[in-house]
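Single-structure report; data block below.
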Amino acid sequence: MSVVFAAASKLPTPFGVFTMHGFLDEATGKEHVALTLGKVDDGAPVLGRLHSECLTGDALFSLRCDCGFQLEAALRAIAAEGRGVLLYLRQEGRGIGLLNKIRAYKLQDAGADTVEANERLGFRADQRDYGICKPMLEHLGISAIKLMTNNPRKVKALEGSGIRVAERVPLQTGLNPHNQKYLQTKAGKLGHLLGSLHQGEVEAESEG
Ligand SMILES: Nc1nc2c(ncn2[C@@H]2O[C@H](COP(=O)(O)OP(=O)(O)OP(=O)(O)O)[C@@H](O)[C@H]2O)c(=O)[nH]1
Ligand SMILES: [Zn+2]
């Protein structure tokens with residue numbers, strides 16, 4: 001795996017002034033970004049997020065998922081801590097790409113859930129590969145993370161690659177009537193740890 005660091009710059013945001021580090025994954029041609037805040041290379045576990053690209057949720061305000069809300073919540077949490085890292089990984093549509101995600105959404109509009117839709121298109125439920133995270137984190141001097149996620153597979157993947165996950169920090173936000181089924185499928189079929197409060201909220205929302 002050859003991941004090449006390209007350049008770093010400031011990235012002012014409404015939440016704070018981050019440093020943006022650009023990387024090229026030569027194997028796939030994908031360009032990935034890390035945002036850091038504060039001193040992250042001192043060995044102490046860093047509050048962190050592996051955020052999978054979701055153009056629709058992150059940039060187009062989609063309510064079909066919770067991605068945009070999680071992105072904002074993660075950046076706010078890092079800013080509140082004054083120290084942290086967010087890897088923005090170009091794994092659109094859990095690795096199937098934007099156009100296939102739109103094809104999957106069309107099947108979901110006709111009643112399929114997110115997993116069934118992927119499978120009908122000939123993909124696995126989740127095609128993501130987290131192999132790029134280790135070299136990106138190594139470049140930043142980060143060896144231990146307090147990982148903001150509800151996805152145990154991310155914890156496993158990082159630990160398997162030699163990055164210590166000191167803690168999993170739940171990141172539950174953005175529940176709305178349009179993403180109830182999506183979140184239920186994540187909890188029911190993909191193993192996401194969405195707590196009882198969250199499930200209660202989903203149920204309460206669907207009754208209302
Ligand atoms: N194939 C497919 N991908 C989707 C769909 N909805 C969102 N995504 C993608 O799913 C990825 C986000 O994954 P999620 O399963 O929402 O969450 P996660 O990253 O596994 O877990 P968290 O760390 O808890 O957010 C992004 O790449 C989205 O583009 C969908 O219906 N079909
Ligand atoms: Zn999304």
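Indices start at 1 and increase along the chain as displayed.
Glycine residues also receive a Cβ, built from the backbone N, Cα and C atoms like all the rest.
Source: prediction; values computed, not measured.
The active site, proton acceptor feature in TrEMBL is assigned to Asp126. The active site, nucleophile annotation in TrEMBL covers Arg128. As annotated by TrEMBL, GTP binding site applies to Arg49, Leu50, His51, Ser52, Glu53, Gln70, Glu92, Gly93, Arg94, Thr114, Thr149, Lys154. Per TrEMBL, the feature Zn(2+) binding site maps to Cys54, Cys65, Cys67. The domain 'GTP cyclohydrolase II' annotation in TrEMBL covers 8-170.
Taken in sequence order, the binding-site residues His51, Cys67, Glu92, Thr149 that lie near ligand 2, meaning a CB under 6 Å from one of its atoms, are Cys67. Most Cβ neighbours within 10 Å among the recorded positions Arg49, His51, Arg94, Arg128: this distinction goes to Arg49. Confidence annotation: the domain 'GTP cyclohydrolase II' (8-170) carries a mean pLDDT of 97 in the model. Put simply, Cys67 is the one of the recorded positions Cys65, Cys67, Asp126, Arg128 whose Cα lies nearest to the Cα of Glu53 (GTP binding site). Only Arg94, in sequence order, out of the recorded positions Arg49, Arg94, Arg128 have a CB under 6 Å from ligand 1.
In terms of C-alpha distance, the listed recorded positions Cys54, Cys65, Cys67, Arg128 place Cys54 closest to Glu92 (GTP binding site). Summarising the environment of Thr149 (GTP binding site), the number of other Cβ atoms within 10 Å of its Cβ, over all protein chains shown, is 23. Considering only the recorded positions Cys65, Cys67, Arg128, Arg94 (GTP binding site) has Arg128 as its nearest partner by CA-CA distance. Neighbours of Cys67 (Zn(2+) binding site) among the recorded positions Arg49, His51, Asp126, Arg128, Thr149, defined as a Cα within 10 Å of its Cα, are His51.
Cβ contacts within 10 Å of Cys65 (Zn(2+) binding site), excluding its own Cβ and spanning all protein chains shown: 22. Asp126 (active site, proton acceptor) and Thr149 (GTP binding site) are 16 Å apart (CA-CA, integer value). For the Zn(2+) site, the Cβ centre of Cys54, Cys65, Cys67 serves as reference, and the other residues of the chain with Cβ at most 8 Å from it are Ser52, Thr56, Gly57, Asp58, Ser62, Arg64, Asp66, Gly68, Gln70.
Neighbour counts were taken at the CB atom with a 10 A radius for the binding-site residues Cys54, Cys67; the maximum falls on Cys54.
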